[in-house]
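Listed features, source TrEMBL:
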- 4-33: domain 'Centromere protein J C-terminal' (DOMAIN)
- 76-103: domain 'Centromere protein J C-terminal' (DOMAIN)
- 111-145: domain 'Centromere protein J C-terminal' (DOMAIN)
- 149-179: domain 'Centromere protein J C-terminal' (DOMAIN)
Amino acid sequence: EEIERETAYPDGKVEKVLKNGCHLIFFPNGTRKKVDSDGKTITTTFFNGDVKQVMPDQTVIYYYADAKTTHTTYADGLEVLQFSNGQIEKHYPDGKKEITFPDQTIKNLFTDGQEESIFPDGTIVRIQRDGSKTIEFSNGQRELHTSQFKRREYPDGTVKTVYMNGQQETKYSSGRVRVKDKDGNVIMDTKL
């Protein structure tokens, strides 16, 4: 690009105005700033390799050279971080966070303290504020973990519960109920 004018300042800064209307500013520490002819697109390349771009819609894209991480802040408050390992985090203005891991697992962190993870195989894990956990497997089975018991529900209606004291209870879809003590001894069985 052709230079229209060049100004050197006492502090060592140099400003070049190009014929196309762009402004280039060079700082003594190696930082460079480019203001596009629209006056709204500004790119700053810092001496350490970081790059900050301000777009006409006020989106700010900041690239951290050392970490190889891009942090984009949109005008509506959404922030997106893209890490060099492929992890992507979205921080929403309402406080919700969504993390997509390199293996494509998605974790949602809600403002009320609940969490939800969606795994590539279709398994979904939900954790409530009280610490209880629900696991939904892609094969239709479901597990519930609480401080008192762990329960697995099968697609055929069978429900197996293991209590914290080790006792096991299995309710079959036929109506049969079998209870075992912590050592696995049957203490009740209602064969129908």
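FYI, residue positions are counted from 1 along the chain as it appears here.
Placement of Cβ uses the backbone N, Cα and C atoms for every residue, glycine included.
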(message) For a three-state summary based on DSSP, what are the helix, strand and coil counts in the domain 'Centromere protein J C-terminal' (149-179)?
(response) 0 helix, 17 strand, 14 coil
(request) Give the residue counts of the domain 'Centromere protein J C-terminal' (76-103) per reduced DSSP state, in the order helix, strand, coil. (result) 0 helix, 12 strand, 16 coil
(message) Just to confirm my parser: what is the rounded mean pLDDT across the domain 'Centromere protein J C-terminal' (4-33)?
(response) 95
